[in-house]
Amino acid sequence: MAKFVNFLYLFVFFGCFAPFSQAQLKFGFYAQSCPSAESIVRSVVSDAVRNDGNMAAVLLRLHFHDCFVEGCDGSILIDTAPNPEKGAFGHQGVGGFEVIERAKEELESQCPGVVSCADIVAMAARDAIVMANGPEYEVLTGRRDGRVSDVSLADSLPDVSDSIQVLKNKFGQKGMTDKDLVLLSAAHTIGTTACFFMTRRLYDFFPGGGSDPEINPMMLPELKSQCPRNGNVNTRLGMDRGSPRTFDIHILQNIRNGFAVLASDARLNDDPSTRAVMDSYFSPLAPILGPSFQDDFVNSIVRMGEIGAKTGSQGEIRRVCSAFNSR
């Protein structure tokens, strides 16, 4: 009887957590239903990145922004809702929608109604990372597309002006750790930002004016020359000073040395926990015994790809990524 009770306890315990574990997501989900799915997405992404060197960063950012609102369900792609999510202030500058739609069109011609837009976003981010000389990894697939997209749901997005505690809380609410915060912030190793997001940090960090004191004095004149007060707020500058189109650990070295471009990246220095994660990759023994930045990044982005994923009978497989299916 005791053995039966223990078995029943384990069954109930693990059963309760089945939705969180996203057991229905798996590697090679389309191996039988659409064997060419991943190669089609890879080809479309490769063409897009070759035509626009910044597109790798754009597609990686799109995946992050999709997952942090309503989960990784393609909700950010919708155009047809009354107040679609993509119009949120926190989504400013997010792009790559046309690349996802192009991949969807090709997939629909080969495997109609099979591959979700949410999975295309996840696969495209992986392929974009590889195109930027980042690590190759397998993507969990089997997501279905959500049927909700509303601008109000994006209010909890991480913001460049958030304190480290707010950033940690926002990641924690998604089931992500302080280590995940560091590693996913390191995705800024590729891509650019607009001067619009720099104004407060450069000129109005304090109520009476002034710059963020954590900006390295060697870097401050450089940033101000690129983003002068009352200048063009749409001017773009690389987020990883020195290698903005190569996926590498250089971004974390910059952050540790006060050369972070974004305020949210600089805040990683403000907390012992996040600072310790960064330091672990630069200890004298790191090359031999330390953690692998690329392996750890892969673990974090795969975990991120499971946030709120809809599987099984949830959601739908959209015919067009920018619109819900008509019922």
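Cβ coordinates are placed from backbone N, Cα and C, and glycine is handled just like the others.
Automatic, uncurated: that is what TrEMBL annotation is.
Marked as active site, proton acceptor by TrEMBL: His65. According to TrEMBL, the Ca(2+) 1 binding site annotation covers Asp66, Val69, Gly71, Asp73, Ser75, Glu85. As annotated by TrEMBL, substrate binding site applies to Pro158. Taken from TrEMBL, the feature heme b binding site applies to His188. Positions annotated as Ca(2+) 2 binding site by TrEMBL: Thr189, Asp240, Asp248. According to TrEMBL, the disulfide bond annotation covers Cys34-Cys111, Cys67-Cys72, Cys117-Cys321, Cys195-Cys227. Per TrEMBL, the feature domain 'Plant heme peroxidase family profile' maps to 24-325. Annotation comment: TrEMBL describes 1-23 as signal peptide. Annotation comment: TrEMBL describes Arg61 as site 'Transition state stabilizer'.
Features as recorded by TrEMBL, highlighted on the structure.
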| residue | record | Cβ within 10 Å |
| --- | --- | --- |
| Cys34 | disulfide bond | 17 |
| His65 | active site, proton acceptor | 23 |
| Asp73 | Ca(2+) 1 binding site | 28 |
| Ser75 | Ca(2+) 1 binding site | 29 |
| Glu85 | Ca(2+) 1 binding site | 25 |
| Cys111 | disulfide bond | 16 |
| Pro158 | substrate binding site | 19 |
| His188 | heme b binding site | 25 |
| Cys195 | disulfide bond | 19 |
| Asp240 | Ca(2+) 2 binding site | 29 |
Cys72 (disulfide bond) versus Pro158 (substrate binding site) - Cα distance in angstrom: 16
Val69 (Ca(2+) 1 binding site): tally of other CB atoms within 10 A of its CB: 27
Confidence summary (mean pLDDT) of the domain 'Plant heme peroxidase family profile' (24-325): 96
Cβ neighbours of Cys67 (disulfide bond) where a neighbour is any other Cβ within 10 Å: 28
Neighbourhood of Cys72 (disulfide bond), C-beta criterion under 8 angstroms, separation at least six: His63, Asp66, Ala118, Val121, Ala122, Arg143, Met304, Gly305, Glu306, Ile307, Gly308, Ala309
Asp240 (Ca(2+) 2 binding site) versus Cys34 (disulfide bond) - Cα distance in angstrom: 37
Other C-beta atoms that fall within 10 angstroms of the C-beta of Thr189 (Ca(2+) 2 binding site): 27
Neighbour-count leader, CB within 10 A, binding-site residues: Asp66, Asp248: Asp66
Env. residues of Ca(2+) 2 site, Cβ within 8 Å of mean position of Thr189, Asp240, Asp248 Cβ: Ala186, His188, Ile190, Ser243, Pro244, Thr246, Phe247, Ile249, His250, Ile251
Alpha-carbon distance [Cys321 (disulfide bond); Asp240 (Ca(2+) 2 binding site)] in Å: 31
From recorded positions Arg61, Gly71, Ser75, Glu85, Cys227, the one whose Cα lies nearest Asp248 (Ca(2+) 2 binding site): Arg61
Other residues, Cβ within 8 Å of Asp66, Val69, Gly71, Asp73, Ser75, Glu85 Cβ centroid (Ca(2+) 1 site): Cys67, Phe68, Glu70, Cys72, Gly74, Ile76, Gly146, Ser149, Leu153, Gly308
